[in-house]
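For reference, the structure is listed below as structure tokens.
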Amino acid sequence: MELRSEQIKQGVARAPHRSLLKADGITDEEMGRPFIAVFNARNDIIPGHTNLDKIAEAVKAGIYMAGGVPFEISTIGVCDGIAMNHEGMHYSLVSRETIADSLECAVQGHAFDGLVCIPNCDKIVPGMILGALRVNIPTVFVSGGPMLPGVQPGGCGPTTDLNTLFDGAGKVAAGLMTEEELAYFEDTACPTCGSCSGMFTANSMNCLCEALGIALPGNGTIPAVYSERIRLAKHAGMKVMELVQKDVRIRDIVNGAAVSNAIECDMAFGGSTNTVLHLTAIAHAAGCPIAMDDWDAASARTPHLVKLQPAGPRPLIDLYHVGGVPAVMGELGKLGLLDEGALTCMGPLPAYLADCCPEADGEVCRTGENPYSAAGALRVLHGNIAPDGAIVKKAAVDSSMLCHTGPARVFDSEEEACAAIDGGCIVAGDVVVIRYEGPKGGPGMREMLTPTSAICGRGLSTSVALITDGRFSGATKGPAVGHVSPEAAAGGPIALICEGDTVTVDIEGGALTLHVSDEELARRREAWEPPAPKHDYGVLSKYAKLVSSADKGAIIL
Ligand SMILES: CC(C)(O)[C@@H](O)C(=O)O
Ligand SMILES: [Mg+2]
């Protein structure tokens with residue numbers, strides 16, 4: 001089989017190229033072997049990425065064992081938790097595209113034969129998938145793995161995680177927690193390297209890499225500090241060599257069937273709402289575009305089987321102990337909800353289900369007979385505020401708030417909304433509206449974990465709803481509806497809401513309704529002016545000009 005890398009290695013004209021490769025220390029014996037890019041996002045700032053050097057060493061060992069030649073290449077990453085609630089969060093979603101671009105440049109630039117991607121946190125996983133789909137060579141993903149959860153003093157009681165701190169800040173402000181208690185959680189809720197230990201965005205995306213078929217079983221749930229993850233990484237290095245030999249490329253795996261299976265798993269295990277943005281973008285990049293209606297249909301037909309933080313008290317490690325994503329896939333396969341025409345890096349899906357998927361334990365991973373709910377954990381909404389769609393993690397909403405009507409409290413930025421919540425100006429019954437935080441208007445569609453945590457921390461999540469054209473963290477819980485499309489900066493109806501208007505957030509019925517006459521809305525639209533761009537240089541300026549709406553995955557057109 002002709003290797004892609006032959007174009008930089010074969011013949012007299014490639015003597016300069018071989019000379020440079022020999023400057024890398026490549027021997028004549030290695031020259032004829034497949035060249036594999038090990039695309040690694042290791043850095044010192046993201047706790048989920050500080051161990052990726054160990055993962056990369058294991059991946060390279062696996063590639064060598066299987067007769068390949070690995071070349072490690074670095075890329076960037078943003079820690080959403082550290083970027084939260086300040087200027088930095090404008091760059092988080094933007095970095096997804098930067099990472100995709102960097103992968104495309106690095107892998108195409110050197111004509112690699114295969115690719116192993118080593119992400120872990122929120123935007124790095126989808127960024128690498130988007131880049132890999134553009135390059136379309138044999139590819140395997142192996143992430144850094146989830147962080148262990150924290151524990152209460154004395155080690156008993158509910159586990160803790162990053163959300164304990166975000167909620168805790170609100171509780172201290174409301175006098176529901178002491179600063180000493182918060183200081184204890186600050187020291188203990190994030191006890192190891194790894195991605196934050198609930199079913200937040202990073203873990204959702206790493207679990208979905210298994211459902212898409214581009215990662216080995218266990219990728220989403222084997223803890224970062226377990227030696228099993230080192231063995232998983234070695235097997236990932238060996239697996240990519242197998243795919244190179246068979247010429248099985250990522251787009252042979254990530255197709256309509258795989259995307260459909262990923263959406264089913266997402267609904268079943270209650271992934272972050274950010275997965276809707278990322279899987280929609282991934283489907284577009286894979287040439288099998290999906291729409292909000294596809295999410296709606298999946299939500300209606302897929303039972304909610306796994307309830308982890310923030311939807312319930314269990315940390316992700318509980319799913320690991322009962323078989324991880326394969327247990328969820330096995331149950332969905334039994335229910336006939338998976339497209340068995342899919343191919344995975346392990347082989348055809350039917351064999352994968354038979355060989356790799358244990359029985360659901362019935363408690364952590366429930367069965368179709370006793371789901372948490374017959375409908376999926378995520379819910380799409382429309383209505384006259386969100387004609388192109390909006391999304392909520394219904395599984396994390398108290399049943400008392402599945403349909404709420406109240407006065408709109410309107411803010412044109414996250415900062416303004418936080419000041420009002422922290423100032424005690426938001427009261428039971430209110431509907432907080434945060435706008436001009438969309439993909440273009442933000443720009444960068446910031447995550448609103450701080451305002452949603454402030455509402456929860458003050459005990460208002462059973463009486464206050466929040467809607468935004470921004471998005472939410474995977475750790476967000478409560479009646480928080482995001483991705484409202486079209487966004488305010490594009491003239492969406494959310495821009496026309498006035499302070500005090502009556503708004504209904506109907507999560508059960510799937511509609512966001514502004515109770516204002518069509519004539520009044522027409523008058524307001526007439527008077528509306530698009531906002532001036534917030535940046536006239538740099539990556540945010542470029543992004544604001546090129547990004548699509550959230551219902552299209554906030555893709556760069
Ligand atoms: C900080 C978190 C938990 O990573 C959040 O950004 C998410 O999206 O899950
Ligand atoms: Mg995030």
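Note that Cβ sites are derived from N, Cα and C of the backbone, with glycine treated the same way.
Of the listed candidates (D80, D161, D167, D398), TrEMBL assigns D80 to the same Mg(2+) site as D122, K123, E447.
Sequence-distant neighbours of K123 (Mg(2+) binding site) (same chain, 6+ residues apart, CB-CB distance under 8 A): G77, V78, D80, S92, L93, S95, R96, I99. Each of V78, A83, M89, S92, L93, C121, T201, A202, N274, S473 belongs to the same chain as D80, D122, K123, E447, is absent from that list, and has a C-beta within 8 angstroms of the C-beta centroid marking the Mg(2+) site. Cα of D122 (Mg(2+) binding site) to Cα of S473 (active site, proton acceptor): a distance of 9 Å. For D122 (Mg(2+) binding site), other Cβ atoms within 10 Å of its Cβ number 34.
Counting in whole angstrom, E447 (Mg(2+) binding site) lies 5 from S473 (active site, proton acceptor) by their C-alpha atoms. Within the set of recorded positions D80, D122, K123, S473, D80, D122, S473 have a CB atom less than 6 Å from some atom of ligand 1.
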